[in-house]
Amino acid sequence: MQRLVPTLRRDGVNPELIPVIRTLLAATKEIAFRVRQGALSGVLGSTLDENIQGETQKQLDVIANQLIKDLLLEEPQVRAIASEEEDTVVAGNPKGAYTVAFDPLDGSSNIDINGQIGTIFTIYPARDDVPADSEAQFQQPGHQQVCAGYVLYGPSTILVMTTGGPTRGYTLDATHGSYLLTQAQLSVPLNTQEFALNMANQRFWSAPFQRYVQDLLLGETGPRAKRFNMRWNAAMVGDVHRVLTRGGIFMYPSDNRNPRQPAKLRLLYEANPMAMLTENAGGKAWSENQRILNIQPDSLHQRVAVILGSANEVDVCMSYLLE
């Protein structure tokens, strides 16, 4: 099996980018070990603190964030980092070529129940026209990402990543500590009969989106004339991994629970990297009225609606929303 770095070199990845990726993934190997140890390593439970999102931090949230942050800030090619757990941009080497944003532990509500969790990350070229610690470093549309990926901590530790070409899958060889190429190219089927959605929010959705979901639930007796199954992990990283490996549509639409915050998922370090992975695997990724990768960010922790997955099903969903 091919190791990670030779694969990156074969893909023509910029030599300055490779050490950034390696440094980031070194942190995920340590996180994977802590996750496997669970209660034995004292990482379960919550802290008394909240992050910038107003969410109670889990102990492993804090540990994962610190591991990734510390390693990246030692990497000379990293000019700045942004994290779900950090209020502001953290400056690195002012001469670094790249900026890195990440959700250190997606699905952290699953930690204490031994459910699916993961790390989502994205890498952008650094901007020379703004200071290293400026939010403007990260105010770039998603199509300017040079690398996007996630690590899923499950029965095996899996890395899914793209550097602009195919979306590839790697598996961590725990014996030697290396990520090995196990899926040369993930391909999302055009059609699907599975959807991932938190149905508990149904009463808060727009009328067009509710009609779309209702037609899914009607199955063979409705206008779709086929049966759909629902899957929901309460972790974007797990639900999107299913979509990338066997098809489906993942949806986290806007809702009216809180008019000041109609969307849930963060554009920079959740929606954009997952959109790039999905598109490079042949799927589509939209935010109700536009392609996710075309959105011009206006704030560091900006939230957007997300609809991604099998291309034909995303088109059907969008036809309801844009009618």
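Even glycines carry a Cβ here, placed using N, Cα and C.
Swiss-Prot lists Asp106, Gly107, Ser108, Ser109, Lys264 as substrate-binding residues, and of the candidates Asn14, Asn191, Asn198 the one it assigns to that same site is Asn198.
Binding site for Mg(2+) 1 per Swiss-Prot: Asp103, Leu105, plus Glu84 from the candidate set Glu75, Glu84, Glu85. Binding of Mg(2+) 2 is attributed by Swiss-Prot to Asp103, Asp106, and the same site annotation extends, among Glu220, Glu270, Glu279, Glu288, to Glu270. Within 8 Å of the Cβ centroid of the substrate site, not counting the listed residues Asp106, Gly107, Ser108, Ser109, Asn198, Lys264, the chain contributes Asn110, Ala234, Ala235, Met236. Rounded to a whole value, the Cα-Cα separation of Glu84 (Mg(2+) 1 binding site) and Glu270 (Mg(2+) 2 binding site) is 9 Å. The Mg(2+) 2 site is set by Asp103, Asp106, Glu270; from the centre of their CB atoms, other residues of the chain with a CB within 8 Å are Glu84, Phe102, Gly118, Thr119, Ile120, Tyr150, Met236, Val237, Leu265, Arg266, Tyr269.
Looking only at Cα atoms, Leu105 (Mg(2+) 1 binding site) sits nearest to Glu270 among the binding-site residues Asn198, Lys264, Glu270.
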